[in-house]
C-alpha cells in the first residue's frame with residue numbers, strides 16, 4: 001500500500017485503513033505501535049513543494065539541547081522520508097549539497113529552539129556531512145565500518161543492536177516511502193511494539209521519552225522557534241528594502257531611536273556619537289526572555305567621526321568599544337569577531353573560560369585564540385585562503401613558546417591585558433566577582449549620556465590610547481602588533497581548536513581580493529620591524545627566542561619577494577643566451593639543488609595531505625605562493641619603503657567579499673577569477689608571458705641542436721629548462737584568462753595587450769643586449 005499525503009496537514013484514515021497500517025508495521029517490525037484506541041496516523045512525504053511543517057506533529061526531535069550529540073538520530077526518520085523519494089535523489093552520499101537544502105527548514109527551526117544544535121543557515125553545505133555517516137548506516141543500511149554520530153554516547157554492543165533493529169525495520173534494497181509511517185498519539189501514551197526496540201535507549205523519540213517531550217518541551221520550543229524565525233525574516237526584509245532604496249524608510253526610522261539620531265547631513269565619516277542600550281539588566285522588563293531569564297547586554301554604538309580627525313580604522317573602533325563597554329557592563333572578558341565571522345559553537349565561551357579560570361596556569365593568560373575557519377572554501381582551496389599550515393601546524397608550535405599571535409578575530413581577551421596592564425606575579429586572577437556595582441546606581445539614560453563622551457573623536461587626544469592602551473595605531477596589522485605588545489608585557493596566550501569549529505567566516509573569493517589582502521598583511525608585518533615593538537631591538541629579553549622567530553617568519557613576508565622574483569626572471573633570462581646557472585645534470589654538484597627542490601616539495605606535499613588538504617590543493621597553494629611573491633609582496637615592500645622616506649602613506653584597504661551570481665558559480669567550479677585591470681595582474685601576466693616566450697625559444701634551439709647532433713651541450717641547461725617549464729605550467733590559469741576564456745572573469749583585453757607588449761619587449765631586448 002503506497003500512501004502520500006495530499007496536504008501539509010495530517011491525513012485521516014478510517015478504522016480499516018488504520019488496522020492495515022498497524023498490521024503492516026507489526027509485520028515489518030515497525031517503528032512503534034500504539035494502544036488499541038484508534039488514532040490519526042501522520043505521514044510525512046517529500047512531495048515537491050510540500051513544506052515540512054507536519055514534522056512538528058511528531059513526538060520526536062524535542063530535547064536537542066540536552067543531548068546535542070544525538071540530534072542526528074532524532075532526525076533519522078524525517079531525513080529518510082526526504083531522501084527516499086526517487087525524484088529527489090538517491091542518497092545523501094550521491095548529492096550531499098542538494099540533500100542539505102532539502103533538510104534546511106526542519107533543521108533550522110530546531111536550531112532556533114536550541115543554540116547548541118547545528119544551524120543550517122549558518123553553514124548550508126557542511127551540515128549534510130555531519131549527518132552523512134549516520135544516514136548511511138542507520139537509514140540506508142550500508143555496511144560501512146566508519147563510526148556514526150549515533151555511536152557517540154552508546155556502547156558498541158548497543159550500537160550494533162540499534163543498527164540491526166533499524167536495518168530489519170526497513171525493507172530490503174532502497175527504503176520506500178510506504179515504510180516511513182509513524183503515529184502521533186497526541187496526549188495518549190505511546191509504547192514500543194517489540195522488545196528489540198526497547199533496546200534503543202539512545203533514541204529519545206521512542207516510548208515514554210517521546211510522550212514526555214511531545215507533551216511538554218516540543219510545543220513550547222516550536223512556538224518560540226517559529227517566532228524567532230519570523231522576526232529574522234522580518235529583519236531580513238527590512239534590510240533588503242533599505243539596501244534597495246539606499247536609505248532607511250521613514251516608518252522604520254520612527255520605530256528606533258538610534259535611526260533618528262542620523263541627521264540629514266550625516267555620512268559614514270561625519271556624524272555624532274550614536275549610542276543606544278537595547279538590552280540591559282537595569283531594564284529587567286524589556287530584557288527578559290520568554291523563560292524569565294535576563295538576556296545579555298546589547299548596545300548599538302557608532303562612534304563620532306569627523307573629517308578633520310583620523311578615526312584609526314578598526315583599531316579606533318575597538319578602543320571606543322572598550323571604553324564604552326567599561327562604563328556599561330565592564331565585563332572582564334572581551335570577544336573580538338570580524339563582521340564576516342559568526343559563532344558556530346556555543347561552547348566556545350566555556351572553553352575559553354576554562355583556560356582563564358585555571359587556578360595554576362590561568363593567571364598569566366591574556367587572550368585565547370581560536371582558529372579562523374572559512375565555510376566558503378572550495379574542495380581544493382583555489383586561492384589557498386584556508387592557510388591550513390598556519391592553523392594546524394605553526395600556531396600549535398608557537399603555543400609552546402608563550403602563545404600564538406593575535407589574528408584580529410575569533411579571540412577572547414582579558415580586559416586588563418588589553419587595556420595595557422603589565423603582568424606581575426601579584427596579579428589576582430578573579431573572574432567570578434561582580435565588577436559592575438557602580439552601574440546599578442545609574443539609570444539607562446544616564447549611562448548612555450555618560451558613555452557618549454567616551455566615543456567622541458577628541459577623547460583620545462593627549463592620552464595613551466593607541467600607544468600603551470588598547471589596540472595600537474599606525475600599523476596596517478593592528479591586531480598582530482597589539483598581540484605582540486601584550487606578549488612583551490609578560491602575558492601569555494593560548495591556542496585552542498575544538499573538534500566543532502568555534503567560529504566560521506568567509507574567505508576572499510577572487511584573486512584580486514586575495515592579493516590585496518596579502519599585500520596589506522605583508523606591509524603591516526614589515527612595519528612592525530620599524531616600530532616601537534620591533535622584534536630586533538625591543539623584543540629580546542621580553543619574550544623568548546622561539547616566539548621571536550615565530551613572529552619574524554611573518555614580519556619578513558614582504559622580503560621573500562626578492563628570491564622569488566630572482567628565480568622567476570634570471571634563469572629564464574640567461575636561458576635565452578644559453579648561459580648555464582646550475583651544474584650539469586650528471587655532476588655531483590647537482591645534489592644540493594636537487595635536495596632542496598625535492599625535499600621542500602615532498603615536505604610541503606606530505607604536510608598538506610596530513611593536515612587535511614589535497615594534492616590539487618597543494619598545487620594551488622604553490623601557485624598562490626608564486627603569485628603573492630611576484631605581486632603582493634613586491635608592492636608591499638615598495639610602498640613601505642616609500643613611506644619610510646616620507647613619499648607615500650599606504651591606505652588601509654578593507655577586503656570586499658561580495659560576488660555576483662556568475663562569479664560565485666565560477667568560484668564554486670574552481671575557475672580563477674580575474675575580471676579587473678590592476679597592476680597586480682599586469683605583473684603576473686607579463687612574467688608568465690615572458691617565461692612562455694623563453695621556453696618556446698629554448699625548445700626551438702633544442703630542436704635545432706638535435707638536428708645537428710649537439711645534444712650534450714644541453715646537459716648543463718636541464719635544470720634551467722625544467723624551472724622555466726615549471727613556471728609556464730603553473731601559470732596555465734593566466735594563459736587561459738588571457739587567450740581562452742570568454743566570460744566576465746577573464747583578464748581584460750587592454751591588460752592582455754599591455755602584458756603582451758611588455759613581455760615581448762623584454763624578450764627582444766634580452767636577445768639583443770644579453
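Glycine is treated like the rest: Cβ placed from N, Cα and C.
Nobody curates TrEMBL annotations by hand; they come from automatic prediction.
Remember, it's a predicted structure, so these values are computed and weren't measured experimentally.
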Of the residue ranges 508-530, 531-553, 554-576, 577-599, which one carries the transmembrane segment annotation in TrEMBL?
554-576
Quick test of your reading of TrEMBL: among 18-42, 43-67, where does it put region 'Disordered'?
43-67
Under TrEMBL, which of the candidate ranges 649-673, 674-698 is annotated transmembrane segment?
674-698
Cβ under 8 Å to the transmembrane segment (674-698), counting only same-chain residues 6 or more beyond its ends: which ones?
510-512, 515-516, 519, 568-569, 572-573, 575-576, 627, 630-632, 634-635, 663, 717, 721, 724-725, 727-728, 731, 734-735, 737-738, 744-748, 750-752, 754-756, 758-760, 762-763, 767
Any idea what DSSP makes of residue 314 (Mn(2+) binding site), helix, strand or coil?
helix
All chains considered, the count of other Cβ atoms within 10 Å of the Cβ of residue 338 (Mn(2+) binding site) is 16
Just to be sure I understand the packing, how many Cβ atoms besides its own are within 10 Å of the Cβ of residue 314 (Mn(2+) binding site)?
17
